[in-house]
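First up is the structure itself, then whatever we jot down about it.
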Amino acid sequence: MDVGGARERTDVGGARERTPVGPHREPGHVRLRTWAVHARPTQSSLGLTFPPPSRFRGRLDNPAVGNGGGDESLKLGAGPGPCGPCPTRLGPRQGESQLHPNRDYEKMVGQTRNKLKEAASQPLHSPRSTQCRRRRRATGAGEPEFEEEPKEEMKEPELLLSAGRGILPGGARGYSPRRTRNLNARNAQNCMKLEMVTKTVLLGRFQFLSAFVEQLRDKVHLLQRRPFTGRITFGIAAFVSFLHWIHLITLFENDRHFSHLSSLEREMTFRTEMGLYYSYFKTIIEAPSFLEGLWMIMNDRLTEYPLVINTVKRFHLYPEVIIAFWYRSVVGIMNSFGLETKTCWNVTRVEPLNEVQSCEGLGDPACFYVGVIFVLNGMMMGLFFVYGAYLSGTQLGGLITVLCYFFNHGEATRVMWTPPLRESFSYPFLVLQMYILTLILRTSNNSKKHFVALCLSNVAFMLPWQFAQFILFTQIASLFPMYVVGYIEPTKFQKIIYMNMISVLLCFVLMFGNPMYLSSYYSSSLLMTLVIILKRNKIQRFGVSELHFWLIQGCAWFCGTIILKFLTSKILGVSDHIRLSDLIAARILRYTDFDTLIYTCAPEFDFMEKATPLRYTKTLLLPVVMVITYFIFKKLIFHTLQLFAFTSLAILIMRLKLFLTPHMCIMASLICSRRLFGWLFCRLRFENVVFGILTVMSIQGCANLHNQWSIIGEFNNLPQEELIQWVRYNTRPDAVFAGAMPTMASVKLSTLHPIVNHPHYEDADLRARTKTVYSAYSRKSAKEVRDKLLELHVNYYILEEAWCVVRTKPGCSMLEIWDVEDPSNSANPPLCSVLLKDARPYFTTVFQNSMYRVLKVN
């Protein structure tokens, strides 16, 4: 439950070093190597070359003669590397759930391994710091070559789009005069002033931008006048898609050092609900056949023991089903042709850690899984370019959309930190859906294929994510006023409503009759809209004025939607399910109970940060969008109303910034529209306007990109690894576990033991189970809690000490939440403290380490 953005990281100074002893081939076309103490760069599972890692893992440039031709081993140390010291990570990631305090320990290997620096005989460069520099350049993130001089170390990355001329090493070049233009005296004077300001600001810290902005000013008018041709447009779209894919995998690799983790460590990186989703992908690929694996997840007893549930229906698992099918097909085809699917190494770690195996390639499930997600979200950037270019009428508008997205990347997405979340699969199809809808609204004669594409994109958006329906409800709420005032033809709007209704029915069938599709605000609004369209002529017969006619339709739609939603929820029995609309209502009405506090105490469900508008302003995104909105409100009502809806959602729930920021980037493309701003371009040269806007955007935008590329971290969670290993080897396979939701997802994924609660908190029955499990952190008696756990057939309870004492903000510790829910016991001592001192006689402590205690339920 993280929120994307710039975050702090822990730089680990040590390195696990290894040398190939001798490759041999094993069954299944997996090459296994044993490594000792040297290093060489490798090709990651995502297809990119990464330099020698730290954390006691390394590889030789030449396996035969050592690194650089010598045989000297890599030394341990944490001194600054050639690119300067890597950033540090102190404390939890920005945006992580404050109800999951064990995340503060998620990357605690830094304290353990940095002690090894004392063993070094002299100060040396950190191998990880060297990697920090080399990896970003190798993965195509745009990091320039580093010079020998110290002053050249912190050069900023090259711009994502080529300027078209040669750039000297280091990203800077001397000033060369431009070709002369026939400008009047006033325009020439303004251009000279703008040049002086630009060179003063940029030639210092951002030298590489001087070449780009100079050439952009000369060429931008040609790009703006270029016709909207499909071949050029889709060529640029493919290029920016590749850039975004490179950017995502670079950030993900730098954050976790994922390519050099063992299989267990990779599974532990999928925290909370991410681990739950990935566990079903793992179940399908490890089953004897695809159909058997699909049957297993549709008749699952491990997730909510002893209940048997259809997890595809409950957790929207179509992405995992499809990716598992692709994985089995690809690996099967490669094995049939005798092709190597993955390469593995045995890695000896520092005591007391045991030896682990690290694998790379398409045959590694975790690498294949996240690789598909990054390809999908990379392609989304190409779709943004096409969308921006179509909306503005010029390819330059598409480039502005892409640049704005990159410059505000930390505010626009969190897929690089949390790939398996539902939004990672769902949101790209919303971009496609909005592009198709814009095409339909702008075109007078629409073909059937446009409406069919709208229906299919709706289905692709709704199937993976339970919150998607509320977003589509805001879309209907934006379209309905346009229909009322006559901006949309009634026939066209009726067809749009029909396509939306068909998509809801398709999702209802594909999700095995999930009643939430029929009881949402989205479904109710569709039905009320259709009724108003069909009864419109009868309402007009009353002879009311036009204004009153508008008000009657608006009030009927609003009141009818709420009433119909309430009735369908009662009839279908889903009134107790928590939805996004319930969280918004609780936020507005300031209603609190145990369930709403579990959500709203997490930072991603909190109000928007006060610093977020400031970050938008620094990249000039917010001022540009505000100016555009002021001038084009009456000309592009749908996009403006949708912007207001996304803004309201993002203010109430910070997690929903992922809808607001990209939509602002789309709106920014309209600055290039001559149809909307032709009056401005008659007074000012078009290239001067775009040149100035992009120059100011690039100053903070490139700094944001550099901050993202500077994030260097490495995942390790030794306490959780010890817990999982103990559960694997010291408990029966059918032993049932209960505990904190994030930990239970990891236990199910890595040990395959039954659990009674999990992080997918929307279901009413699951919330009741979790409330019973979390009573160990209340003030109830130990006997009462023990009896409730026995009713759930729990054998072991995993108690986390941090949850007993951590208070991230007022009113959000587990004890404070329970005091709101259970005031009758507020005078009793906390049960958690009692269990930590002596769990007997109702529990017995059978395992403990620095974070976890496993209590056997007596």
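Placement of Cβ uses the backbone N, Cα and C atoms for every residue, glycine included.
Summarising the annotation, TrEMBL assigns region 'Disordered' to 1-30 (among others).
Annotation comment: TrEMBL describes 1-29 as compositional bias 'Basic and acidic residues'.
Per TrEMBL, region 'Disordered' is recorded for 117-155 (among others).
What TrEMBL lists as transmembrane segment is 232-252 (among others).
Here TrEMBL flags 366-390 (among others) as transmembrane segment.
If you look up TrEMBL, you'll see 396-413 (among others) marked as transmembrane segment.
What TrEMBL lists as transmembrane segment is 425-443 (among others).
A Cβ distance under 8 Å defines the sequence-distant neighbours of the transmembrane segment (463-484), meaning residues of its chain 6+ beyond its ends; these are 316, 318-319, 422-423, 425-426, 430, 434, 437, 490, 493, 496-497, 500, 507, 510-511, 516-517, 520-523, 525-526, 529, 533, 550, 553-554, 557, 579-581, 637-638, 641-642, 645-646, 649, 659, 762. The transmembrane segment annotation in TrEMBL covers 463-484 (among others).
The transmembrane segment feature in TrEMBL is assigned to 496-513 (among others). Within its own chain, the transmembrane segment (496-513) has Cβ neighbours under 8 Å at 310, 312-313, 316, 318, 437, 440, 451-452, 454-456, 458-459, 462-463, 472, 476, 479, 522-523, 526-527, 529-530, 533, counting only residues six or more beyond its boundaries.
Here the transmembrane segment (547-567) has long-range neighbours at 480-481, 484-485, 519-521, 523-525, 527-529, 531-532, 536, 539-540, meaning same-chain residues at least 6 beyond its ends whose C-beta is under 8 angstroms from one of its own. Taken from TrEMBL, the feature transmembrane segment applies to 547-567 (among others).
Tertiary proximity for the transmembrane segment (616-633) is limited to same-chain residues at least six positions away from its ends with a CB under 8 Å from its CB atoms, namely 404, 407-408, 411, 640, 643, 661, 664-665, 667-668, 670-671, 676-677, 693, 696-697, 700-701, 704. Residues annotated as transmembrane segment in TrEMBL: 616-633 (among others).
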Check: At least three Cβ pairs under 8 Å linking the transmembrane segment (232-252) and the transmembrane segment (425-443), pairs spaced 6 or more in sequence?
Finding: no
Margin query: Which residues of the chain, 6 or more past the ends of the transmembrane segment (366-390), have a CB below 8 A from one of its CBs?
Written below: 44-46, 228, 233-234, 236-238, 240-246, 248-249, 252, 258-259, 263, 266-267, 278, 281, 323, 326-327, 330, 342, 359-360, 397-402, 405, 413, 415, 419-420, 424-425, 427-428, 431-432, 434-435, 438-439, 662, 665-666, 669
